[in-house]
Amino acid sequence: MIVHVGSGSDGTEDSDSSAEREQTNSSESDGNIPKRTRLTRASLRLSQSSQALSTSCQSSSQITAPLNVGPFLPPTHVDTLDVKQDESPPLTPTGNAPSSESELDISSPNASHDESLAKDPALRDSDKDLSHRPKRRRCHETYNFNMKCPTPGCNSLGHLTGKHERHFAVSGCPLYHNLSADECKVKATTREKHEEEAKVQEESNRHATRHQTPTSRQTRYKEQVTEMRKGRNSGLSKEQKEKYMEHRQSHGNTREPLLENITSEYDLELFRKAQARASEDLERLRIQGQITEGSNMIKTILFGRYELDTWYHSPYPEEYARLGRLYVCEFCLKYMKSQTILRRHMAKCVWKHPPGDEVYRKGAISVFEVDGKKNKIYCQNLCLLAKLFLDHKTLYYDVEPFLFYVMTEADNTGCHLVGYFSKEKNSFLNYNVSCILTMPQYMRQGYGKMLIDFSYLLSKVEEKVGSPERPLSDLGLISYRSYWKEVLLRYMYNFQGKEISIKEISQETAVNPVDIVSTLQSLQMLKYWKGKHLVLKRQDLIDEWKSKETKRGSNNKTIDPSSLKWTPPKGT
């Protein structure tokens, strides 16, 4: 049985027909015994390749599929024999192969190799004859060489952990941490040595009692740490300060600040060890395929008492984006790296509601008008947060020409963000909404329609006809279509005349005539007859809407125009 494995560098694969053809030619030109020898040696070569793969590719993220080969036989150096089936292209780094009767996981070498080798003297002798030939490496750790480290002047070689040959993120860049690749390897060796010593000591103290007094070794170590930490508050000399300032001016934020002499050597080494461990964790996630360079790595955010899964990429700074989880203050929207920082921030944060003017309040629901020019940081953080759940949003930092209307729900701890919409201060196309979002934990509860209704209420006060800015997202289009349908059916239910004018509907509801026509068409309430457009009053749809309104009762979330305390801004 002949098995061709992998594909060549040009992406071509051996077909099953070519494998059968080589098997036929081999059987015709040679006898049964030579054929058996060649097939066995070909299988041996494949077995050797799989073992080499498991040795050299343990850290490669590209090898995710099991290698399908034929009979699993002992490894021997037979790749230099003149065997026809050895002309197949080498394995690709992905380790893919045509399917066969038996499958072998390259990461699980079989223990029956030595037994088979002992049973077959011919194979043992051939292995001795060719033992002087070097083994061929069929695979190496694979990287995307088109990716580059974002640190200026870095060639992507080396890794902060000292265990990898290349890196693609700042977290693993030796140059960013003011180190060389060789220094990282030396530090990695030292750390491993210390870890082994700590394991030995832990093993010796494993059976010690829980309340045992410190040993003499622990006491000496504590004294050494205390002695090393004595000089950490001595301050920097004038030359050191000048050196640090020069480094800061030369590299800015593209390099880590110089940390020597700022604290004790012991504390600095602890910090370096924590950096290396975090970098190793990120590299392991990258190898496993859970994160990829250049993609959104923020998977979840902790927002108030909710942990939210994100939907889309948001351009947070890289040092925050690569963490995988972000911690956001639900009041001031400041984003942080850890829960400890968030807890300390919440103890000091004085914000309990959005900045700006409260223009609407009814019950627990409030709406705040926030000027992007006056509260720039808050609005930028709001846009970055919204981008995690919006696909079409492109505005992040240029927030000054916009007003933000933030809806909150109040309790005894503060006003919690429900959603918001933004609108241009001066829109030539009379857009009353530029971007609208309901937070995921408040979706499907009627808050989206409340935001839309509030935007049209502002248009009525301004005596304008409004429309949302295009393009609408999928969820946005569904929400607006549902709102427009409800507005039209309510108007039809209350209408007592005989002739309906789309212009009158637009003036009373502040909905753009184009949106009204599209909604009537979707409801099949607009017909063209004898050169005129007629609006059909479908009583079945009106009765269905009325029954739903009755079932909702007093729990229906609506905007009360009498609770609005707002005048249109002038000259903004």
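In case you wondered, yes, glycine gets a Cβ from its N, Cα and C as well.
Note: TrEMBL annotation is automatic and uncurated.
Per TrEMBL, these features apply:
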- E469: active site, proton donor/acceptor (ACT_SITE)
- 40-65: compositional bias 'Low complexity' (COMPBIAS)
- 93-111: compositional bias 'Polar residues' (COMPBIAS)
- 112-132: compositional bias 'Basic and acidic residues' (COMPBIAS)
- 190-206: compositional bias 'Basic and acidic residues' (COMPBIAS)
- 220-230: compositional bias 'Basic and acidic residues' (COMPBIAS)
- 553-565: compositional bias 'Polar residues' (COMPBIAS)
- 293-568: domain 'MYST-type HAT' (DOMAIN)
- 1-135: region 'Disordered' (REGION)
- 190-242: region 'Disordered' (REGION)
- 547-572: region 'Disordered' (REGION)
Beyond the flanks of the region 'Disordered' (547-572) by 6 or more, those residues with Cβ under 8 Å of it: 358-362, 365, 369, 371, 373, 403, 425-426, 445-447, 449-450, 453-454, 457-458, 460-462
Sequence-remote contacts (6 or more beyond its ends) of the compositional bias 'Basic and acidic residues' (190-206), Cβ cut-off under 8 Å? 215, 217, 273, 276
Those residues of the chain, 6+ apart, with a Cβ under 8 Å from that of E469 (active site, proton donor/acceptor): L429, Y431, V433, S434, C435
For the domain 'MYST-type HAT' (293-568), would you mind checking the mean pLDDT of the predicted model? 89
Pull the DSSP breakdown for the region 'Disordered' (547-572) and write it out as helix, strand, coil residue counts. 12 helix, 1 strand, 13 coil
